[in-house]
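Colleague: Dropping the structure in here first, questions after.
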Amino acid sequence: MGTNKKHRVPFGPLGIIMAIGVVYGDIGTSPLYVMKSILEALPDNQLSRPDYIIGAVSCVIWTLTIQTTLKYVILTLRADNNGEGGILALYALIRQKFRWAYIIAALGAATLLADGIITPAMTVITSMEGLNNIVPEVPIVPATLVIVIGLFLIQPLGTGSLGKYFGTMMLAWFIMMGIVGASHVIHDFSVFKAFNPMYAIRFLIHAPHTMFILGAVFLCTTGAEALYSDLGHCGLKNIQISWIFVKSMLIINYLGQAAWIIDNPGIVQHGINPFFAMMPSWFSFIGVLMATAASIIASQALISGSFTVISEAISLNLWPNVKIKYPTNIKGQMYIPSINFIMMILCIIIILMFESSSRLEAAYGLAITLSMLMTTMLLFLYFRETRKPLWFSLPISIFFFVIEFSFFVANMQKFAHGGFASIFIAGIIFFMMYSWFNGRRIKRHYTTYDQINEAYLNHINEISEDSTIPKSATNLVYITSANNKNALESKITYSLFNKFPKRADTYWFVRIKRTDSPYEFEYDVKTFVPGKVFRIDLRIGFKVGVHADKYVRLICNKMEKENLVNLESRYPSMHGARGDFAFFVVDRIFRNIELSAGQQIILAFYNLVKRLSTSDTQMLDLDPSFAVVETVPLVNVNHKDDILSKLLHTSEFGGNEQK
């Protein structure tokens, strides 16, 4: 699941700037809506009350300190899987010992993906509202749709060439936020009281609508989970050092917004955004443009992060195979067409449903609290896996769990007002992951392997020489996933010998493995019967198209030149013309098998998810005119007298396990 390490950014000034651009887009755009959301939660007559405003900012400061700094930057970032981060990387570290933890990982990944759909809508629409305040002629929703749709449409081009500019642009964004915030802080030093956590505690005890306020405060740390997911792109030290600068600028801006609210009681009202309102009039337009650019960069980071989550989920058997494209030579910079399209459609629906940042705030944050809770659970299991003392791991896990559960309860107040949208999206994603994981597990339980021994090869030869059997092709190619070069899945054995015995002149068993090197192309050929039965192991780089039929033909042509195989048609009437190829992909269906009702339901949904995914022939880039998808029973238990059963029960034929 790791990234090609030679592309990982080393620690240094460039790495720090890149981390600022890649990692902090989400959390760095939070000032656009956090204080606005807090004001929305306060009663009309309390909007500029100094102790409430200072208490609210104190909540923000200590949430950033406890959640983002302590939990993620200091603790969680150290739980890396060969340099990779994110909830699925964390799950991969503990899955051998805690196999049931896939449920936690799937729920965390599903909620993270749901957040990746809502965040672009939230950040872009907020910046468009700021532009609308300056240029009222700009329609908020259409302008937001244009930017968001354009962002998704450019994904096939890749962002490798733009990525180097993101760091510089976000660096300017954070500096701007710090300067604007400081310009108001210097006129009201009372806001520094917010560093005293007692103001936060008193505020939560005495302020009205505490749950709604907590839900608004939580928005300041929603980007922390994405921060962990980007560990593999930027490296631990780059993220930790850059966070010192980023957190400082964020806090100064929040303090500046608080100072402006306290100093302008006559202006503050529901619907006003202090982030834009505190900017000097001469700078407002520039500030809005910078906010728009920052929101686009933040959205891009979340879209790319969603692609990474799906890629990791595929490798962990939590998601079906889908086409992954690589616009650049770096494996971490990928593009998944199907996911990109689905995210774009859902994002458009979200924008049209909610239409404003005030309404979107209700949908935002609920899903990510679940993701953080799941990360805390997995982090505790990781502490146990790495034998951290219980006196350390248990209290700190409970500490974070209580805080995050409080935020979750607070955000549940949003459910009826729009939070249902993110939970609904996350629920569908989780259900797909659960069905796929357990469906594959059921199939694996019934997967057996047969050894390619002398009896096996003799029977292949007998079928090949039996003129009473119609010939399937001159060259018969089976796609196998068996790691052992001397074994084949029993489903292939069934297809060869039992379901319409396959007569051919030459038999090929081909295994394809993707590698982390972009342009690698290597292969090995194992000969079982000279000129008759072969196995090809292909190792293909992630940038190289699979094109299994093309590569097999090229290898066969090379072998023919070396007199290792004869590719001519054996039909006399063909006068030595090239023989044909048939590529078989064997799938298993469950029939004639006793399964529990629960297993049957899971497999039914597994097959539904599979129909929505990329087919095996498409994943292999097989020419449809040469490809055959054949289905065989998952387990064949009712045909004890057929050829296959007789072969399987002879001591000389072989076993049923992959060695």
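Just so you know, glycine gets a Cβ as well, placed from its N, Cα and C.
Dumping what TrEMBL says about this protein:
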type     : residues : note
DOMAIN   : 17-453   : domain 'K+ potassium transporter integral membrane'
DOMAIN   : 475-625  : domain 'K+ potassium transporter C-terminal'
TRANSMEM : 12-33    : transmembrane segment
TRANSMEM : 53-74    : transmembrane segment
TRANSMEM : 100-122  : transmembrane segment
TRANSMEM : 134-154  : transmembrane segment
TRANSMEM : 166-187  : transmembrane segment
TRANSMEM : 199-220  : transmembrane segment
TRANSMEM : 241-262  : transmembrane segment
TRANSMEM : 282-314  : transmembrane segment
TRANSMEM : 335-356  : transmembrane segment
TRANSMEM : 362-383  : transmembrane segment
TRANSMEM : 390-409  : transmembrane segment
TRANSMEM : 415-437  : transmembrane segment
Colleague: Could you give the residue numbers and ranges of same-chain residues that sit at least 6 residues beyond the transmembrane segment (166-187) on either side and whose C-beta is under 8 angstroms from one of its C-beta atoms?
Modeller: 17-22, 24-25, 28, 31, 159, 245-246, 248-250, 252-257, 259-260, 263, 278-280, 283, 287, 290-291, 293-294, 297, 300-301
Colleague: Does the transmembrane segment (241-262) reach the transmembrane segment (12-33), going by 3 or more CB pairs under 8 Å (6 or more apart in sequence)?
Modeller: yes
Colleague: For the transmembrane segment (199-220), could you work out the same-chain residues 6 or more beyond its ends whose Cβ comes under 8 Å from its Cβ atoms?
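Modeller: Long-range Cβ neighbours of the transmembrane segment (199-220): 27, 30, 33-34, 37-38, 40-43, 46, 51-52, 54-56, 58-64, 193, 250, 254, 361, 364-365, 369, 406-407, 409-411, 413-414.
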Colleague: Taking every residue in the domain 'K+ potassium transporter C-terminal' (475-625), what is their average pLDDT?
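Modeller: Reported value for the domain 'K+ potassium transporter C-terminal' (475-625) is a mean pLDDT of 83.
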Colleague: Which one, 53-74, 100-122, 335-356, has the most C-beta pairs under 8 Å toward the transmembrane segment (134-154)?
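Modeller: Against the transmembrane segment (134-154), the leading stretch is 335-356.
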Colleague: Who are the chain neighbours of the transmembrane segment (100-122) in space, where the CB to CB distance is under 8 Å and they lie at least 6 residues beyond its ends?
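Modeller: The answer is 26, 33, 87-88, 90-91, 94, 144, 148, 151, 222, 225-226, 229, 295, 298-299, 302-303, 305-306, 309-310, 313, 316, 318, 343, 346-347, 350-351, 354, 357, 360-361, 363-364, 367-368, 370-371, 373-375, 377-378, 381, 421-423, 425-427, 429-430, 433-434, 437.
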